[in-house]
Amino acid sequence: MAGIRVTKVDWQRSRNGAAHHTQEYPCPELVVRRGQSFSLTLELSRALDCEEILIFTMETGPRASEALHTKAVFQTSELERGEGWTAAREAQMEKTLTVSLASPPSAVIGRYLLSIRLSSHRKHSNRRLGEFVLLFNPWCAEDDVFLASEEERQEYVLSDSGIIFRGVEKHIRAQGWNYGQFEEDILNICLSILDRSPGHQNNPATDVSCRHNPIYVTRVISAMVNSNNDRGVVQGQWQGKYGGGTSPLHWRGSVAILQKWLKGRYKPVKYGQCWVFAGVLCTVLRCLGIATRVVSNFNSAHDTDQNLSVDKYVDSFGRTLEDLTEDSMWNFHVWNESWFARQDLGPSYNGWQVLDATPQEESEGVFRCGPASVTAIREGDVHLAHDGPFVFAEVNADYITWLWHEDESRERVYSNTKKIGRCISTKAVGSDSRVDITDLYKYPEGSRKERQVYSKAVNRLFGVEASGRRIWIRRAGGRCLWRDDLLEPATKPSIAGKFKVLEPPMLGHDLRLALCLANLTSRAQRVRVNLSGATILYTRKPVAEILHESHAVRLGPQEEKRIPITISYSKYKEDLTEDKKILLAAMCLVTKGEKLLVEKDITLEDFITIKVLGPAMVGVAVTVEVTVVNPLIERVKDCALMVEGSGLLQEQLSIDVPTLEPQERASVQFDITPSKSGPRQLQVDLVSPHFPDIKGFVIVHVATAK
């Protein structure tokens, strides 16, 4: 009998794609998930004899070996699935054979080469069948990344767009983001990110063998999304100067960033800030099959010395002293959570894990963060891997402001144990709503349980019991002071103060506010009020001073007074950053030595609306109308709309906007032709050299073609 050979392979991409939830990947090769069988049909040179044997070989990575679990050799069997790779005959018709192949739920993920050996009466035929890609499988109960809820799998694995929350605690704004994990080349780029890592460059065989473990994979990608150590994807920039690159606020999604990294031969893409790093990390992990979401923390601590405190130093006008202040409190910070088991810690710590690709501090010599179990953070188990102290401080640190005197002494003028870690937010499953998940990270502020957890974290970090909220703090110059009573309430204040916004703060308009002071005593008091204001980045780093004035105020018994404040547009327009944020401070000096510091964050408003004029259907053009308003009291030209949306546009659109008169409202129409059904996010930005980008998005519900 003549030898047998394979003449053709049908990878059954449609059938396998539907079964594995991978039909959206546009790759030429098959994409499947581990721990689940997939089928392929072989056309043979003749009918297969019952005594003839099919032996399959799977290989991934360089120097693949069975010892490293990067190679598997197995033959068809009627037995039940074992722990390794298996193959079974599904159907046979003359010269056609359909086989079912299955990987173990702990298989290494990545690109595989599949080969077959047909043995017949001492005759052998070998053939490479081709390559396929194996991903993590949140649908497989035995996979470490298993997620039980189908609604959550749809949101956190398959949704290719989302919302990132930015702003300040009392003014949270939603920004659309195009994850685009199913766009052209994105899967290949995500696999390239793993292959470009230092671990792979140094020892590729060992690195690939570790890719069965989501803990390892997410930690590698957390480092590779930033460029600080490894020519990773995105280069950070927080100074407001973006020459030679793209402003972080100009990005509308991850696809353009990842494609630019590939086309630039892996040169870091300029520039990113926290939400950009988080958006890209979310794309990569969803693409590889790990359920991932973007999380925003408002009043987020950056505790450089891990003493669970943010110490801010100010002068007599309340201005931050940059040379003394090493810690910081960002208006918001954005990171990721991914869902998987912690085999290294135990089942109590399974579930959501914090990952942060923003390069803030080094972890084991590399700029990365996590995975840190959210449960471990809530319970104060900061000693557990990875980077628990840093994440715990981001949501739980104490906040103290010190007045720095000319004689280099300092005086505490403000302290708050509840200021850090507010309104921790993520997008709701299946809707655009904001969900507050603060209770996943910590017990209610001020509760007995919260105090116990804080004390536990201090003990884990410093090996001492905390009798109060605070154990030690860093002095300027690096010396430390042990204090258990540092955050005990100060003496009862004799005055109170707050800023009141008199008119909505609109971009392009003068700002009108008042400082409201109240005498809380039955005696008259004199107060010197030093006012300052500055444009700031979202990290609260000052950019330029726009207000500096002093007032002498006499307050009668129980009297209240207002100090009116006006900041003209001409004062701030040249120095306003794309964050559109201003910080006001009032240092109130009472005659008898008491100090009161009052601060106010202001975010300037803008306007854009987007309407889809009719039903949207795959393959049918539909008109979109965008209405914008020139926020300035001057004529502007050279404006454009930048439009992006996965499944709605093949590439970014740039649409010129006619010259806008002062505060003019104008509408622009354009057509889109959807290529995919379901809810799709269309992002539209008004871009101008005269003012920061004005961003908007709308969800377009696309019907299937009739």
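Note that the numbers count up from 1, one per residue, in the order the chain is shown.
The backbone N, Cα and C atoms fix where each Cβ goes, glycine too.
Quick look at what Swiss-Prot lists:
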type	residues	note
BINDING	ALA223, ASN226, ASN228	Ca(2+) 1 binding site
ACT_SITE	CYS274	active site
BINDING	ASP303, ASP305, ASN307, SER309, ASP327	Ca(2+) 2 binding site
ACT_SITE	HIS333	active site
ACT_SITE	ASP356	active site
BINDING	ASN396, THR417, GLU445, GLU450	Ca(2+) 3 binding site
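Shown here: features listed in Swiss-Prot, placed on the structure.
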residue : record                : CB count, 10 Å
ALA223  : Ca(2+) 1 binding site : 26
ASN226  : Ca(2+) 1 binding site : 27
ASN228  : Ca(2+) 1 binding site : 17
CYS274  : active site           : 27
ASP303  : Ca(2+) 2 binding site : 25
ASP305  : Ca(2+) 2 binding site : 14
HIS333  : active site           : 25
ASN396  : Ca(2+) 3 binding site : 24
THR417  : Ca(2+) 3 binding site : 19
GLU450  : Ca(2+) 3 binding site : 19
Practice task
Sorry to bug you, but what's the C-alpha spacing from ASP356 (active site) to ASN228 (Ca(2+) 1 binding site), rounded to the closest Å?
Solution key: 14
Practice task
Among the recorded positions ASP305, HIS333, ASP356, ASN396, report those whose Cα falls within 10 Å of that of CYS274 (active site); none is a fine answer.
Solution key: HIS333, ASP356
Practice task
Would you please pick out, from the recorded positions ASP327, ASP356, GLU445, the one with the fewest other Cβ atoms within 10 Å of its Cβ?
Solution key: GLU445
Handout entry: Cα-to-Cα gap, ASN307 (Ca(2+) 2 binding site) vs GLU450 (Ca(2+) 3 binding site), nearest whole Å
Key = 17
Handout entry: By Cα-Cα distance, the member of recorded positions ASP303, ASP305, SER309, HIS333 nearest GLU450 (Ca(2+) 3 binding site)
Key = SER309
Exercise for the section: For SER309 (Ca(2+) 2 binding site), find which of the recorded positions ASN226, HIS333, ASN396, GLU445 come within 10 Å, Cα to Cα. Expected result: ASN396
Handout entry: Protein Cβ atoms within 10 Å of ASN307 (Ca(2+) 2 binding site), excluding its own
Key = 22
Problem - DSSP state at ASN228 (Ca(2+) 1 binding site), helix/strand/coil - result: coil
Practice task
Have a look around SER309 (Ca(2+) 2 binding site) and count the other CB atoms within 10 A of its CB, chains all included.
Solution key: 24
Completion exercise
Candidates ASN226, HIS333, ASP356, ASN396, GLU445 (recorded positions); nearest Cα to ASP303 (Ca(2+) 2 binding site) turns out to be ASN396
Problem - Listed in sequence order, residues not in ALA223, ASN226, ASN228 with Cβ within 8 Å of the centre of the Ca(2+) 1 site Cβ atoms - result: SER222, MET224, VAL225, SER227, ASN229, ASP230, GLY232, ALA357, PRO359, VAL366, PHE367, ARG368
Handout entry: Coarse DSSP state, helix versus strand versus coil, of THR417 (Ca(2+) 3 binding site)
Key = coil
Exercise for the section: Select the closest residue to ASP305 (Ca(2+) 2 binding site) from the following recorded positions, measuring between CA atoms: ALA223, ASN226, HIS333, ASN396. Expected result: ASN396
Fill in the blank from the handout: Cα of HIS333 (active site) to Cα of ASP356 (active site), in Å and rounded, measures 10
Completion exercise
If we take the Cα of ASN396 (Ca(2+) 3 binding site) and draw a 10 Å sphere, the recorded positions of ALA223, ASN226, ASP327, ASP356 inside it are none
Exercise for the section: Give me the Cα-Cα distance between GLU445 (Ca(2+) 3 binding site) and ASP356 (active site), rounded to a whole Å. Expected result: 24
Problem - Spatial neighbours of ASP356 (active site), counting only the binding-site residues ALA223, ASP327, THR417 and Cα distances within 10 Å - result: ALA223
